[in-house]
Amino acid sequence: MSSALLDEAARIARQFDYPAAEVQRGVTEYIREIDEGLSKEHTTLSQIPTYVTAVPNGTEKGLYLAVDLGGTNFRVCSIDLHGDTTFSLTQSKIMIPRETMASGTAKDLFLFLARQIESFLRIHHNDHFEAHLRRRNEKNGNCEEDLFDLGFTFSFPVRQLGINKGTLIRWTKGFNIPDAVGKDVCALLQNAIDDLGLPVRVAALVNDTVGTLMARSYTSPGETGTFLGAIFGTGTNGAYVEKLDRITKLQTIEHSEYDKTTGEMIINAEWGSFDNHLSVLPNTIYDQQLDADSNNPGIQMFEKRVSGMFLGEILRRVMLDMQRNESLGFLRAGGASTVSVPQESSLYRQWGIDTSLLSLVEADKTENMEQIKVALKDHLKIERPTTDDCKAIQTVVHAIGKRAARLSAVPLAAILLSTGKLQKDDLVDIGVDGSLVEFYPNFEGYMRDALREVPEVGEAGNKKIRIGISKDGSGVGAALIALVASKEETRRKSQ
């Protein structure tokens, strides 16, 4: 019986193979979508101009604020950049009341956020705050220079129109405040800040992936600025430095203001939607079922094969499939006719398997799979799985995780080739963040294997690529974008 189970696990695992020829097809299609996304709006790959036109080099100094609205918590932090690639960070996190998220008005939400900024300043920067108030109350007191510049990480779909201007396209993640849709979220926050008389200027609207790139560029060693930032975690996305003259759609976007002197701009790729039409992406029966049952069928197709939120769901569907085939004896406590999984196990709940389980399963090197047995009990309440059950699960997990890592190489290789970066530079620095790339065993190794298999990258190109973890794009990254934005504002005023 056990050999039938292991044979079936191997058969399913083979469906997740993603060979070199497929990687190459993916890269070719991604390059086509880059060109399309740079030339016009409403394309599969959004290629959003961020209006951030410079990356830091580690010498930047100053005290900046950053706030992060991306889910149920609102984070406020101050970042002191020391000018030597180091920084210190102070932060507080506040849970957003459900009624403010869903039944309030835009004014209610943004006033709530501004009040959190006020209490943070009073606790952590009271001297500065009080000095500002004193100066403002003096006759003709000009306190422009006392203002804190703030980077606003807003992790919802936004149409960005400038470095500190962007209109909300739609809410996600449980938020529903209809009167904010179509409004400039930076202006909404600034108005609430001004109503409270706070010494704060909303200097930049920040995407967390762009923040990842900026944070890496500030903290990474050496002369080379960071070229690309990528997130491989619950979701996946990338941002990279593009030549301004290639972003031809900028000419059609009205009212956009930005610094043209650097000749470059960071592009937010929004690569989760790469190849939504499935011309090149692998598409097993499990991918098809996951997509059909998701809340956005036909959308974010690349993300659904790569990011942590979905890998656990692919595994869950494979496990249920194997369990339904009684002849395999899978999870049947060593051949018993009853299943050894209680009804309340999250195995039976959509999205019930977290990626952390896959990381634990992949990492187990023990002969009897002891770590997997413990993990199955902890995560899924599965009692007494056999060693063969665990081996079958590990075989499938390995295939799902390896495919995700190899797919992750596609946008990296395509962007490197499309920009000619590998030909021009001896070193290309990439900052990455997210639970997969940080904790999934050998994720970067599998990704690099696939990069090497792209002929124009090869071993020589792979050696030029330096990948480093970049933490806290929504904190230090947002502060750095606020810094770039305030420099640009000063430059514009002096013209």
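Note that Cβ sites are derived from N, Cα and C of the backbone, with glycine treated the same way.
Here is what Swiss-Prot records for this protein:
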DOMAIN    3-483  domain 'Hexokinase'
REGION    57-206  region 'Hexokinase small subdomain'
BINDING   Lys93, Asp472, Gly473, Ser474, Gly475, Val476, Gly477  ATP binding site
REGION    149-175  region 'Glucose-binding'
REGION    207-472  region 'Hexokinase large subdomain'
**Message:** By a 10 A CB contact count over all chains shown, which of the binding-site residues listed here is most packed: Gly473, Gly477?
**Reply:** Gly477
**Request:** Give the helix, strand or coil assignment DSSP yields for Asp472 (ATP binding site).
**Result:** coil
**Item:** Recorded ATP site residues Lys93, Asp472, Gly473, Ser474, Gly475, Val476, Gly477, farthest C-alpha pair in Å
**Value:** 17
**Item:** Which same-chain residues, if any, lie at least 6 apart from Asp472 (ATP binding site) yet have Cβ under 8 Å of it
**Value:** Leu89, Gly211, Ala215
**Message:** For the region 'Hexokinase large subdomain' (207-472), what's the mean pLDDT in this predicted model?
**Reply:** 92
**Item:** Number of helical, extended and coil residues in the region 'Glucose-binding' (149-175), per DSSP
**Value:** 0 helix, 15 strand, 12 coil
**Fill in**
Within 10 angstroms of the C-beta of Val476 (ATP binding site), the count of other C-beta atoms across all shown chains comes to 28
**Asked** Taking Lys93, Ser474, Gly475 as the binding-site residues to compare, which has the smallest set of other Cβ atoms within 10 Å?
**Response** Lys93
